[in-house]
Amino acid sequence: MKAIVVKPPNPGVEIKDVKDDENKLSNIGLVKVKILENGICGTDREIVSGKRTSVKPPIGKDELILGHEAIGIVEVGGYGFKEGELVMPINKRGCGKCLNCLIGRPDFCETGEGLVAGTKGLDGFMREYLYDDPKYLVKIPPAIKDIAILAQPLADIEKSVESILTSQKRIPIWTCDDGTLNCRKALVVGTGPTGILFSLVLRTYGFQVWIANRRELLDNEKEILDEPRILFYNSAKGYESLVKDVDKFDLIIDTTGASASIIQELVPLLQINGVLGLFGFPRYDNFSLDYKIVQDFVINNRIIIGLDNGQKPHFQQALIHLASWKSLWPKTASKMITKIISINDEREVISSLREKLPGEIKVKIVWE
């Protein structure tokens, strides 16, 4: 079968024929899925460029099938799945040892030995066919097939927001005087795909949301943010004027994955009882906090929390939110898929795996 393959840690990518795993169907409990489309994300590009040093092929192999975002159609079903149903595979798999993994929550793996499709020890989904355990498959409603590929990155954000709201249960009451979160203010740093998805989820929960970047918004970004009333702030000159206008924030999310020093810029912007969520992976620099800021952190019950992968419940929640956005913000939903490429256009596929388009939210590779 055809697949998109890398040889980590070396840079480069190719589309080639690989051995089909159809003999796996002789193993009781697997479902055969024909892949219809894949999403491309920043992780894929880091692997292709050779910058993601933690990437590991499956044991005994020197090649890795790329990709952790996919939608497919069931060809050989069973175990609760019917032929013709649309499904999405879950990318993170358990270590088989710790309790969290054994109960279906490898996002909290305690051994560090879990597998990640297309990244760590497990072939990914950029291939014609997949033979998978049904517990790692999520059913996709046909009505949202056009944007359902976003459910994988969105699942990570659903888990992140869940973690934040759970952490705020430490406070007797964090809702507003009308029982909602409408009075709570959130700042999302970064207007890339992750930042935009975070902003949309937070608006869905009722937060007032500001999104920041050190450049002006591109036209398509403006169109996406306008309908849900997400406010933009240009942070090129710092955040002083923003705090002056709107006061401090109950929640701040860093999605930039750039300089670690941004953390010390954001900490002073937190409201009492506030949360700073770190989602992006800083690539350089360092940060330090003055002892007075640390004291202030303790006295005012502020926290910093690391945010990571979602699991099956979060994929299901992501699909619910995607369906709701098509009704709540139809114009926004229609702008989320930036480009669609055929797997037969090899040159364009390789180019898209190497470079991100300006203002890109999601590029899809289709296999039909």
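One-based numbering along the chain as shown.
The backbone N, Cα and C atoms fix where each Cβ goes, and this holds for glycine too.
On a predicted model such as this, the values are computed, not experimentally measured, just so you know.
Record features, source Swiss-Prot:
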| type | residues | note |
| --- | --- | --- |
| BINDING | CYS41, HIS68, GLU69, GLN152 | Zn(2+) 1 binding site |
| BINDING | THR43, ASN91, GLN152, ASP156, ASN309 | substrate binding site |
| BINDING | CYS95, CYS98, CYS101, CYS109 | Zn(2+) 2 binding site |
| BINDING | ASN213, ARG214, ARG215, PHE279, GLY280, PHE281, LEU307, ASP308, ASN309, LYS356 | NADP(+) binding site |
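Where Swiss-Prot records a feature, it is marked here on the structure.
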residue	record	DSSP (3 states)
THR43	substrate binding site	helix
GLU69	Zn(2+) 1 binding site	coil
CYS95	Zn(2+) 2 binding site	coil
CYS101	Zn(2+) 2 binding site	helix
CYS109	Zn(2+) 2 binding site	coil
GLN152	Zn(2+) 1 binding site	helix
ARG215	NADP(+) binding site	coil
ASN309	substrate binding site	coil
*What is the one among the binding-site residues HIS68, ARG215 whose Cβ has the most other Cβ atoms less than or equal to 10 Å away?*
HIS68
_I'm trying to understand the geometry here, so how far is the Cα atom of GLU69 (Zn(2+) 1 binding site) from the Cα atom of CYS101 (Zn(2+) 2 binding site), in Å to the nearest whole number?_
21
_CYS41 (Zn(2+) 1 binding site), number of other Cβ atoms within 10 Å_ = 20
*If you draw a 10 Å sphere on the Cβ of GLU69 (Zn(2+) 1 binding site), how many other Cβ atoms land inside?*
27
*Between ARG215 (NADP(+) binding site) and CYS41 (Zn(2+) 1 binding site), what C-alpha distance do you get in Å?*
21
_If I take the alpha carbons of CYS95 (Zn(2+) 2 binding site) and ASN309 (substrate binding site), what is the distance between them in whole Å?_
15
_Can you give me the residues near the recorded Zn(2+) 1 site, meaning same chain, not CYS41, HIS68, GLU69, GLN152 themselves, Cβ no more than 8 Å from the center of the site's Cβ atoms?_
ASN38, GLY39, THR43, ASP44, GLY67, ALA70, ASN91, GLY118, ILE149, PRO153
*Other than THR43, ASN91, GLN152, ASP156, ASN309, which residues of the same chain sit close to substrate? List them in sequence order, counting a residue when its Cβ is within 8 Å of the Cβ centroid of the site.*
CYS41, HIS68, GLU69, LYS92, VAL116, PRO153, ALA155, GLY310
*asked:* Can you tell me how many other Cβ atoms are located within 10 Å of the Cβ belonging to ASN309 (substrate binding site)?
replied: 20
